[in-house]
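> Please find one structure pasted underneath; my questions will follow.
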């Protein structure tokens, strides 16, 4: 059995990844069995020791295994995301048969058991749920199909509803739904394809095909709508076709997905993505880098071919602006038409709220006249008419739109792209101390052999918890956004390899509160890009996402791979006792330090992260044989993360020689407390071990500052102890201070050395000295190694603390010193000699 164990151990040593882990576990089990059957106590002890070592190796190998890849088809994730608000929305399989919509004699009409919640004001107006025939008080033999046929162009509005974005979406998309694209025919069932409109369902059942939570899904509703006891309406209505019901049924199906009629609202980009599957893009109109001309050309060209639907959203605006401009804050508007005649770029904008403020025309820079014949108040045909009317439409210059609206939502025809790929995955959002880096972020590699335009859309799946947060919101929608968090897409040119930090990104998308975010990339032939999903303050522990890639030409999409193969991660804390600050401070040596050992030459990457974004951090790798570092000398510095950075810092060393090093984790300011995580990546095995704090629990004695004069180059002070004492000395130079008690940094050529000596003259014995006896620039804090003081030797009066300087010093410069010791130390006054 021992031979079998040795063979498995040998295979573990020569294998990598999961194979090495499996062999290590097998060998440990064999050694454990051998220990239980052997009659030799010596062999049993040896076997148990080998078993213990292999278990430790197996645990280490587990940490080095790459994260499990997302499922290729994502079927489990799609099934998990089917449950929402107590309803099941299965992935779309095939169109329903006509039999589902037939009504047999004596059979009850279909009734959906879903409970649709209402807001308080909706409840005040609510009378009952009624079928269309009862809702419109139609005779028994009426032609119900007329409820699905508009007699003239649509003019959809909302009243006592909270879903302004949905009605704005339907208003803006009416031509896409019912025009040449006929998108409505693939959304609602049953549908009359001969006449181009939905059919009345005899059974009272309607089936909708909607795009959310990773795929097209089946949504079932009945035909009952909320009737009102007042003259207010509780669902979307068509002013020109008051009995038209398919918009209200489509709205009801969508609100079933989103949680009820009291749904607090979304944005039109998300609504149309769910309703039609058209690709959402959000433009932030008031960003400094927003290019009006480029955006206009791109949108106008697609609008003419009906390949884009345009909507607008306002942010928080003042009451004065609402009154003067006729706008509503945090509200969505439909764009019905675009025009650039007479050299002026204009949008025909519609407010979907039937009782909203009437456009006054005041405050807008352009004449409110229809720019060309044939375009009326609501996008229908008419003669020249002024646009100031109760219809809720207004022609507005594009420049005014960019000034007064916060966002423009674009939904693009997915048929513009011949190629599409979907990846579904779950992401457990990183803990706070890792969130400043990207090591726990989902990352993909994308390549197009022939280059071309690629669009990448990340969709966050809807979950019940987010609806709860929105319903219990206090304040504005912006406040809700802060609760729900933000997400973004980052793109890097790193040959498809995983990245650790957000530095040097090729593209950084805006952090949006929407469930979707889009990145557009013009790829170079054959170049590999790394696509990273990033987040800020997402509140839930995990989410399901779908990454959808649209492209003009075929692309290769796969998981991004780690550049290194071995990883070590530890967590630590800067406390009041261990937050020493930067290397210019005398307390630098108390910072958390780690011993790094490597036996092979190769690259290494050291990443330091903290969850406190107000803390600037830094990491130094020092040639110090794994011992604590007291101060930094350039000649001992192997690698550094450079300037102190907010949240995280990384030191990349292209080639690290075999050896034992010391790693120091520091904050810029001393006494900054925070948790941190340290991650060391390498191509071979590296050992990482915390170095105990040698000043832990030590007494700190601050000496009287030593003010230098030009003629004093050596100063000494007598030192005494009453017990055997272990200690060290720190020294730093301090320049003049300003009125705020802040040190004014001045150039200086002063160099310092401090040491502890017994005796004087030719028989002097140096016990400990800073900088290995070398003079060091005064800009850095210096510290002696640890030393022992015996009371007998100090009582002879021959134990001295000595400071020597060379160079030119500023007359206002002083030296501050601290003695750290495990028992009290007495230090005499300074004397020059």
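The backbone N, Cα and C atoms fix where each Cβ goes, glycine too.
Feature list, courtesy of TrEMBL:
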ACT_SITE  164  active site
ACT_SITE  331  active site
ACT_SITE  351  active site
DOMAIN    95-414  domain 'Calpain catalytic'
REGION    362-388  region 'Disordered'
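If you look at the structure here, what lies around each of the features I listed?
Every protein chain shown contributes to the tally, and the Cβ of residue 164 (active site) ends up with 24 other Cβ atoms within 10 Å.
The DSSP secondary structure for residue 351 (active site) is coil.
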> Under DSSP, is residue 331 (active site) part of a helix or a strand, or is it coil?
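The three-state answer is coil.
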> Pick the one among the active-site residues 331, 351 whose Cβ has the fewest other Cβ atoms within 10 Å in this structure.
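Counting other Cβ atoms within 10 Å of each of the active-site residues 331, 351 gives the minimum at 331.
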> Which whole-number value in Å describes the distance between the Cα atoms of residue 331 (active site) and residue 164 (active site)?
7
> Roughly how many angstrom lie between the C-alpha atoms of residue 164 (active site) and residue 351 (active site)?
9
> Please work out the mean pLDDT for the residues of the domain 'Calpain catalytic' (95-414).
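PLDDT averaged over the stretch: 88.
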> Under DSSP, is residue 164 (active site) helix, strand or coil?
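Note: residue 164 (active site) is helical by DSSP.
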